[in-house]
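Taken from TrEMBL as is:
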- 12-35: transmembrane segment (TRANSMEM)
- 47-68: transmembrane segment (TRANSMEM)
- 88-113: transmembrane segment (TRANSMEM)
- 119-136: transmembrane segment (TRANSMEM)
- 157-175: transmembrane segment (TRANSMEM)
- 181-202: transmembrane segment (TRANSMEM)
- 223-247: transmembrane segment (TRANSMEM)
- 277-304: transmembrane segment (TRANSMEM)
- 325-348: transmembrane segment (TRANSMEM)
- 354-371: transmembrane segment (TRANSMEM)
- 378-398: transmembrane segment (TRANSMEM)
- 445-467: transmembrane segment (TRANSMEM)
Amino acid sequence: MKKHSLIKGTFILGIAGVFAKFLGLFFRWPLIMLIGDEGIGYYQMAYPLYLFFIAVSSGIPVAISKMVSERNAIGDYEGIIQVFRKSLILMIFIGGGFTATILILSKSIVRIFNWDYKSYYSLLGIAIAPIFISIMSTFRGFFQGMQNMTPTAISQIIEQLGRVIIGIGLTIILLPKGIEFAAGGASLGATAGAVLGNIYLYRKYRNIKSEFNIKLIRDDLDILSKLIYISIPISLGATVSSVMSLIDSALVPGKLVQGGLSYKEATVLYGQLTGKAFVLVNVPLTVSMALCTSIVPIIAEYYILNRRNELVHKVNQAIKFSTVISIPAFIGLFFLSKPIMSLLFLGNYEGAKILKYLSISIPFIALCQTFTSILQGVGVYIIPVINLFIGCVVKFFITRSLVPIEIINVYGAVIGTILGYSISTILNIICIKRMLKVKIQYKKVILAPLLASIIMILGVMTSYNLIYKITLKNSISCLISIIFGIIIYSILVIVLNIFEYRDVKNKLWKYKRREKR
């Protein structure tokens with residue numbers, strides 16, 4: 001059975017996640033050309049409910065990962081299969097219940113959230129996805145607990161391919177009936193992608209199960225109770241996190257109308273915020289989520305085996321990895337928001353200013369995710385939930401107060417997101433330092449990546465302006481300058497001794513020989 005290190009596991013999931021996100025951008029290109037910002041607005045209004053379900057059920061895959069990792073550490077393969085079976089039953093029950101709830105209450109949801117009535121079809125389109133996502137999450141939790149990230153990574157790509165191909169196909173077929181129907185077809189693509197991802201993961205699971213060579217599996221009811229005990233606080237934390245997006249969905253369109261905009265204008269602005277800006281912000285955050293997925297079973301294993309030195313090292317490594325990714329992403333999107341938006345959405349750069357200021361939230365979101373995962377790995381579940389809840393309260397009141405103000409409008413939601421996550425991050429830092437007695441090396445963790453990012457962006461902006469003067473083409477100028485920036489930053493990471501080249505290389509390929517056996 002393949003087993004990956006923290007860096008290698010993060011690398012595999014990060015590459016797959018970023019690739020899947022870029023597939024998602026390919027999904028957005030034809031989608032925007034077909035249904036415009038208005039249609040994207042309808043599509044995005046329903047999407048936070050889908051994310052809310054994923055958050056509600058997300059604690060169970062993390063619990064599976066943790067429990068499987070603990071049993072794998074002591075060679076209890078029968079226990080691993082017991083954990084998987086119990087969790088699969090629980091997830092099917094939760095997913096089926098959520099699907100039924102959306103189908104029955106869809107019209108009421110549209111009315112309660114004060115959405116445009118045309119968003120109803122997008123809500124229906126996404127309603128069937130939860131039950132298939134539930135099953136897929138169970139498989140992924142199993143493989144992550146075995147510290148084999150490859151099946152999860154490949155399934156992400158398969159899922160996104162299915163979503164893009166089938167979602168766009170349905171959009172084209174339904175467009176003659178109206179933009180709202182086409183947006184509903186795009187939403188249905190999420191279900192198709194989940195079905196394809198499940199087919200792949202089931203086949204991989206069957207192969208791994210046969211390696212265990214277990215003939216009889218005894219029933220253990222204690223597993224279900226422990227699964228629920230671990231998953232509930234994690235799910236609460238993820239649910240609170242998804243409430244950040246749900247707040248925008250519930251408040252922003254209505255408050256924009258209250259501020260004097262028409263329903264169509266409010267939908268367009270909301271589409272630019274959530275369908276463009278948040279989509280691009282989520283690309284670097286995908287790498288952060290890959291880190292979080294990789295670190296929970298590793299931290300849990302070191303914690304249960306009482307390997308203190310390795311635990312402290314992994315905590316510091318995770319924090320550093322998070323900032324090394326998130327800080328340059330923030331700097332790059334802040335200064336190149338318009339060129340990047342124009343490049344990715346084929347000249348449609350409306351929403352670039354929203355992206356510029358929303359990018360400030362990237363380091364705070366990434367660190368908040370990382371700290372939460374570290375605390376979950378050592379069995380501390382409630383405290384990060386409370387910290388995130390405090391951030392949500394701040395986000396709610398700021399969004400509610402600022403969005404109706406005409407000169408602020410949608411930027412009130414951006415300000416709320418930045419402040420909400422920054423407060424949660426600060427509270428999590430305090431908890432990590434007090435509970436784990438970890439000394440954070442701020443020079444390497446924050447100052448060095450920030451310095452490298454500043455030097456990088458100076459080179460990027462200079463190269464962009466020079467190339468644009470020669471070619472007069474944004475696409476060429478943007479792509480070359482971004483590649484140039486990646487090269488500069490990679491060199492600076494080694495020069496400033498943030499990560500040593502040999503250490504990263506050794507960690508990435510540490511298990512290469514073992515995997516060939």
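Placed from the backbone N, Cα and C atoms, the Cβ positions cover glycine too.
Caution: TrEMBL annotation is automatic and unverified by curators.
Of the recorded ranges 47-68, 119-136, 223-247, 445-467, the transmembrane segment (378-398) has the largest number of C-beta contacts under 8 angstroms with 223-247. Count of Cβ pairs under 8 Å against the transmembrane segment (119-136): among 47-68, 88-113, 223-247, 325-348, 445-467, the largest is for 88-113. Here the transmembrane segment (223-247) has long-range neighbours at 48-49, 51-52, 54-60, 62-64, 66-67, 79, 82-83, 86-87, 90, 274, 278, 368, 372, 376, 381-382, 384-385, 388-389, 391-392, 395-396, 399, 413, 416-417, 420-421, meaning same-chain residues at least 6 beyond its ends whose C-beta is under 8 angstroms from one of its own. Contact count against the transmembrane segment (325-348) (Cβ pairs under 8 Å) is highest for 445-467, out of 47-68, 88-113, 181-202, 445-467. Here the transmembrane segment (88-113) does not lie next to the transmembrane segment (181-202) in space: the count of CB pairs under 8 Å, restricted to residues six or more apart, is fewer than 3.
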